[in-house]
Amino acid sequence: MENMKQVVVATKNMGKVREFAELFERFDLEVKSLHDFPHIEEVEETGETFEENAILKADSLSRQLNAIVIADDSGLIVDALNGKPGVYSARFAGEPKDDQANIDKVLQELNEVAFEKRKARFYCALAVAFPEGDKKPVIVNGTCEGFILEQRRGENGFGYDPIFYVEEYKKAMAELSSDEKNAISHRGRALRKLEEKIPEWFLGE
C-alpha cells in the first residue's frame, strides 16, 4: 500500500511541480516529478486539445512507471488571437521552449489592441492514470479569466504569468503569492475538482 501514497506529476517544469506539491501538502501523499525518473522521456504532445494531451501523457507514463500519474496540459487562450497560443502555448515562439520568447510573441501580436479587447484565460486539463488496466483515467479541467497586459509585471510564477492580469486582485498573476494564485488559478481549480473525483485510497483518507 505504500506506493498508493505516491503520485508522479508528469512534468519537469519545477514551477508546476511546486504548485502540485503545495496543493497536495494537506494529504498524506508524496509528490514526485519526472526529475526523479531521468531514464523516462517526456511524451510527445500530439493531441489537438488540452484534454487529449493530458490523457496521452498520463496513460503512457503510468504504464511505463507502473505508478499513479497526474498529467496536465495547460495553456493560454487569447480571444483576440482566435484562441492562440492554445495547445501550443509552451512552444508558441518555437523550439526550444522559452517563456520570455513566448511572452514577447504574444505582446507583439497584440500590439495596438486595446486593453478591453485583450481578454484571455488560462486553461488546464488534468488527467490521472492508474497502472491497473481496468481503471479509466480521471479527467477534469479548470479556467482562470483575465486580460493580457501590455508589459510584464511581477517576479513570481512562470510561463505567461507576468502578462496575465487578474481582475479579482487587480494584479498580474506573477504578482500574486502562492496562496493567492492557488485560490484562483486554472490549475488550482482543476485540482480541487480532482479531489472530489479521485478514489479515496488515492488520497489516503
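Just so you know, glycine gets a Cβ as well, placed from its N, Cα and C.
As written in Swiss-Prot, here are the features:
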BINDING   Thr11, Lys12, Asn13, Met14, Gly15, Lys16, Ser74, Phe158, Gly159, Tyr160, Asp161, Lys181, His186, Arg187  substrate binding site
BINDING   Glu44, Asp73  Mg(2+) binding site
ACT_SITE  Asp73  active site, proton acceptor
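A simple Cβ count within 10 Å picks out one of the binding-site residues Thr11, Asn13, Ser74 as the most packed, and that one is Ser74. Remark: of the binding-site residues Glu44, Asp73, Asp161, the most isolated position is Glu44 (fewest other Cβ atoms within 10 Å of its Cβ). With a cut-off of 8 Å between CB atoms and residues at least 6 apart in sequence, the same chain places Ser74, Arg121, Phe122, Tyr123, Cys124, Gly142, Thr143, Cys144 near His186 (substrate binding site), listed in sequence order.
Glu44 (Mg(2+) binding site) is 19 Å away from Gly159 (substrate binding site) when you measure Cα to Cα.
In this structure the C-alpha atoms belonging to Glu44 (Mg(2+) binding site) and Thr11 (substrate binding site) are separated by 12 Å. Of all Cβ atoms in the protein chains displayed, 13 besides its own lie within 10 Å of the Cβ of Gly15 (substrate binding site). Cβ neighbour count for Gly159 (substrate binding site): 22 (other Cβ atoms within 10 Å of its Cβ, all protein chains included).
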